[in-house]
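S.K.: This is the structure, below, for whatever I ask next.
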Amino acid sequence: MSLALEVRDLNKFFGGLHATRNVSMAVPKGELHAVIGPNGAGKTTLISQLFGELRPNSGQVLVDGRDVTHRPVHERAGLGMARSFQITTLVRDLSVGENVILALLARRGHAGRFWRRVDRNAELQDAAGLALARIGMDPSHLPRRVSDLSHGEQRLLELAIALVGEPSLILLDEPMAGLGSEESRAMTRLLAQLKGKTTVLLVEHDMEAVFELADRLTVLVRGEVVAVGTPDQIRNDERVREAYLGEDA
Amino acid sequence: MPNTIPARARPAMLTSRAVQARAADRDLVAAFVLLALLAATPLVLSAFGQEFWTDVVLRAMILAIAAASLNFLIGLGGLVSLGHAAFLGIGGYATGILADFDIDNGFIQLAAVLGASALFALVTGMVALRTKGVHFIMITLAFAQMVYFTMIGLRQFGGDDGLTINYTSMFGGFDLGRKDTLYYVVLAVLAVVMLGYARLRKSDFGLLLKAAKGNERRVSAVGFDPYRYRLAAYVVAGMTCALAGFLDANFTSFVTPGSMSWITSAELIFIVIVGGVATICGPIVGALVFLLIEEIMGGVTVYWHFWFGLFLIAIVLFARNGLVGLLTGGRR
Amino acid sequence: MDTVLFANQLLNGIQLGLILFLLAAGLSLVFGIMDFINLAHGVFYMIGAYVCASIAIASGSFVLGIVIALPVTLAFGLAAEWLIVRHFYKRDHLDQVLATFGMVLCADTAVKYFWGPQGLSVPLPAWLSGQISLAGVTLPGYRLFITVVAAAVAIALWQVIARTRVGMMVRASASNEEMARALGIETRMVFALVFAIGAVLAAIAGIMVAPITGASIGMGNQVVILALVVIIIGGIGSIFGAFVAAIGVGLIDTLGRAYLPTILGAVFSPSVASSAGPSLASILIYVTMTLVLIFRPSGLFPPANR
Ligand SMILES: Nc1ncnc2c1ncn2[C@@H]1O[C@H](COP(=O)(O)OP(=O)(O)OP(=O)(O)O)[C@@H](O)[C@H]1O
Ligand SMILES: [Mg+2]
């Protein structure tokens with residue numbers, strides 16, 4: 001099976017802090033791969049390097065076999081990558097619809113036309129409604145300002161935007177951060193629907209959700225991969241218990 | 001009435017979004033009313049023998065075109081340039097220098113104005129748009145100062161004293177400099193710029209710029225390169241402002257380095273803010289207020305700049321949406 | 001090359017650099033600590049020059065002019081901070097640019113109202129107007145005086161910020177306002193103090209140049225832009241950076257004005273060269289800033305704590 005994502009010997013330094021240490025990973029197409037690790041382990045730093053927002057000091061990132069290490073973010077998105085952010089990253093003073101349409105335009109390869117009106121384009125509005133429907137949000141939310149949404153709604157919208165245009169590789173950074181238990185369960189169900197359809201790299205602290213969803217997991221501690229395996233293997237891995245689960249318990 | 005909400009999804013309650021949409025509509029309606037009033041102005045004023053005020057309004061319209069181009073950058077793109085007046089000067093000098101070489105063909109002049117400004121915007125924009133915030137303010141200022149000092153240094157084109165333009169632009173048999181027709185040409189350009197802006201801000205391009213202003217990370221994450229669109233906006237704005245410089249050269253038959261000083265750039269920002277950032281009517285309202293204060297207060301006291309400065313501080317402190325924002329109740 | 005002329009130009013360059021530093025230091029602190037871009041900084045430069053000039057003309061004593069002008073500018077600085085500036089610390093740079101531009105308009109007009117549209121020329125006391133011979137080179141005494149005073153102020157400022165308790169509070173407020181407040185530092189007081197000290201430094205600069213260029217309306221408006229350029233080149237918030245950049249800009253400007261016409265004269269006609277030379281010197285300064293922004297966006301010496 002071909003790899004959707006391959007990481008070779010990635011290293012990142014923040015001054016003296018070695019935030020990513022020789023990380024190598026291989027994620028086959030269609031896998032839901034979770035990355036777990038304690039706070040400050042370097043999960044977000046890793047995702048940002050995969051997506052191109054941070055430049056690694058050394059190492060390579062390959063997507064679909066293509067070396068993207070030196071490609072800028074927007075080109076990686078053009079190659080079918082998408083990410084969600086741990087800290088909600090939406091355009092707060094635009095409407096929900098405008099945020100979704102922005103992603104729609106990008107995914108369709110529109111180069112931003114000068115004249116076509118987006119607000120009167122029924123087709124775009126419908127597509128935006130569908131994107132919301134996919135994450136179980138009513139299209140009546142489209143005209144609302146993002147800053148008026150609840151935190152849970154913003155997390156959902158963040159996911160909806162990541163899903164726009166059927167990306168082939170989705171990087172999700174703690175989609176459940178700050179959600180209540182009910183909302184978390186809903187999010188878990190949504191993520192479960194993605195399984196098999198697309199490749200997902202999921203960073204998440206909610207262990208219940210992670211072990212339920214993941215095909216395989218990578219455990220990151222202090223920037224280093226300490227274990228890789230199926231949920232069962234990870235549960236029973238001594239080093240993981242010591243280094244990570246033990247700390248948590 | 002334009003409607004930003006798809007019919008089947010329209011909520012019964014008026015959301016803040018809808019309030020905003022209504023403010024935008026009033027802004028557009030006001031734009032049409034203002035343009036109609038401006039069209040009638042010369043007739044009314046000449047009926048009362050007040051041709052002087054027609055010239056004031058004409059100057060305001062030229063300033064409004066320049067301010068509208070800056071409003072496009074600030075309002076949509078969040079790009080605060082403190083060097084926008086450079087484009088006014090480029091437009092003026094491109095016209096004046098050609099006229100100095102006895103080329104009064106308007107088409108050639110216009111091509112030179114647009115070409116020179118586009119080139120300048122492209123080159124400086126490529127550098128400036130790599131920077132953010134106060135660095136962007138300073139680097140745009142730096143580029144404007146470079147042009148400013150260049151023109152001061154070029155003695156053969158008047159240097160410090162400015163360049164007198166002996167020929168106005170000829171478009172075939174049509175003389176752009178004729179005062180009776182110039183007014184309507186400027187009005188037409190202003191109308192195109194204002195309505196063009198109204199359209200742009202609702203377009204794909206406008207959405208992209210607004211989004212990049214609000215959250216650049218999000219825009220890159222979905223797959224757009226904000227830099228490219230900002231550069232396009234910067235070039236369009238620069239060319240539009242240079243067009244105002246071209247019209248001004250035909251109106252005053254004169255261009256000075258002073259038209260490119262940072263004080264002029266700051267005045268353009270003033271016009272944009274006082275009128276109302278990101279509104280259609282803001283630039284013309286701001287420009288009219290600016291010139292009316294100058295003319296009326298200037299007639300009362302030579303110290304009118306003092307009150308002007310206070311007014312400016314008060315506007316920034318208390319009326320953050322500018323005058324148009326106050327009247328239409330929109331939010332910035 | 002004429003060494004006496006060159007030595008004089010060098011001194012002029014350093015002296016301009018030191019004047020710029022006095023302006024830039026305050027601007028940089030205000031910018032670095034309060035994140036406030038102050039186009040009105042040149043106003044204090046002008047007020048210092050005017051107050052000192054009037055007193056000096058009326059009393060015949062330049063020193064008395066200085067002694068009175070400094071507290072007067074301090075008061076103006078505190079008043080401006082309290083009435084207007086402090087409301088803009090948390091606003092965006094656009095609002096700050098506009099509000100301080102408004103302050104420039106007010107101040108220029110007020111000066112015109114009180115002193116008239118003509119500038120003032122400031123008489124130099126006899127003991128400063130002579131020539132001084134140093135190692136066989138004759139230099140104008142007053143320029144030497146400026147250089148010494150400005151250098152002394154620069155060193156004093158440096159010491160205050162690096163060594164004293166007040167300096168510690170300023171540095172703490174600059175690096176982390178929340179933290180400083182948690183440590184019990186009255187950041188509002190610190191801000192007012194920093195702003196007022198910046199105003200006084202600008203006034204010293206204005207007083208120093210007044211006998212050379214005279215005091216005139218709007219004298220601060222071009223120089224404040226140069227001071228802004230200096231802090232961008234030096235690194236916002238860095239006193240040392242401001243110092244190095246100010247001297248650099250002073251030298252580029254002075255030596256450029258002095259020698260570029262000659263250099264250009266080798267290629268162009270003398271009239272072209274003499275008018276283009278000074279412009280080219282000014283342009284060089286902006287080119288320098290642009291290059292710094294491209295290759296070192298946070299300036300040559302960004303403060304460590306940012
Ligand atoms: N831009 C940065 N500059 C300096 N250090 C950074 C930067 N970003 C992250 N770090 C540091 O790198 C380490 C890894 O941070 P990262 O955010 O990747 O952790 P994480 O695994 O995502 O943590 P969490 O579970 O809390 O989200 C932390 O020690 C953090 O302080
Ligand atoms: Mg994280």
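One is the number of the first residue shown, and numbering goes on along the chain from there.
The backbone N, Cα and C atoms fix where each Cβ goes, and this holds for glycine too.
According to TrEMBL, the protein carries these features:
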- C:12-32: transmembrane segment (TRANSMEM)
- C:39-57: transmembrane segment (TRANSMEM)
- C:63-85: transmembrane segment (TRANSMEM)
- C:97-115: transmembrane segment (TRANSMEM)
- C:142-161: transmembrane segment (TRANSMEM)
- C:189-212: transmembrane segment (TRANSMEM)
- C:224-251: transmembrane segment (TRANSMEM)
- C:283-301: transmembrane segment (TRANSMEM)
S.K.: As a test: from C:39-57, C:63-85, C:142-161, C:189-212, C:224-251, pick the stretch that has the greatest number of Cβ pairs under 8 Å with the transmembrane segment (C:97-115).
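M.R.: Most Cβ pairs under 8 Å with the transmembrane segment (C:97-115) come from C:39-57.
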S.K.: What parts of the chain pack near the transmembrane segment (C:283-301), using Cβ distances under 8 Å and only residues at least 6 beyond its ends?
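M.R.: Long-range Cβ neighbours of the transmembrane segment (C:283-301): 226, 229, 231-236, 238, 240-241, 244-245, 248-249, 252-253, 256.
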S.K.: Any chance the transmembrane segment (C:142-161) and the transmembrane segment (C:39-57) have 3 or more Cβ pairs under 8 A, given the pairs are 6 or more apart in sequence?
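M.R.: By the criterion, they do not touch.
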S.K.: Residue list, the transmembrane segment (C:189-212) vs rest of chain: Cβ under 8 Å, 6 or more residues beyond ends.
M.R.: 19-20, 22-23, 25-27, 29-30, 33-34, 38, 41-42, 44-49, 51-53, 62, 65-66, 69-70, 73-74, 76-78, 80-82, 85-86, 89, 120, 122-124, 128, 142-143, 146, 149-150, 153, 157, 166, 169-170, 173, 180, 219-220
S.K.: So what's near the transmembrane segment (C:224-251) in sequence-distant terms, Cβ-Cβ under 8 Å and 6+ beyond its ends?
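M.R.: Residues 10, 13-21, 23-25, 27-29, 31-33, 37, 39-42, 45, 154, 157-158, 161, 174, 285-286, 288-289, 292-293, 298-303, 306.
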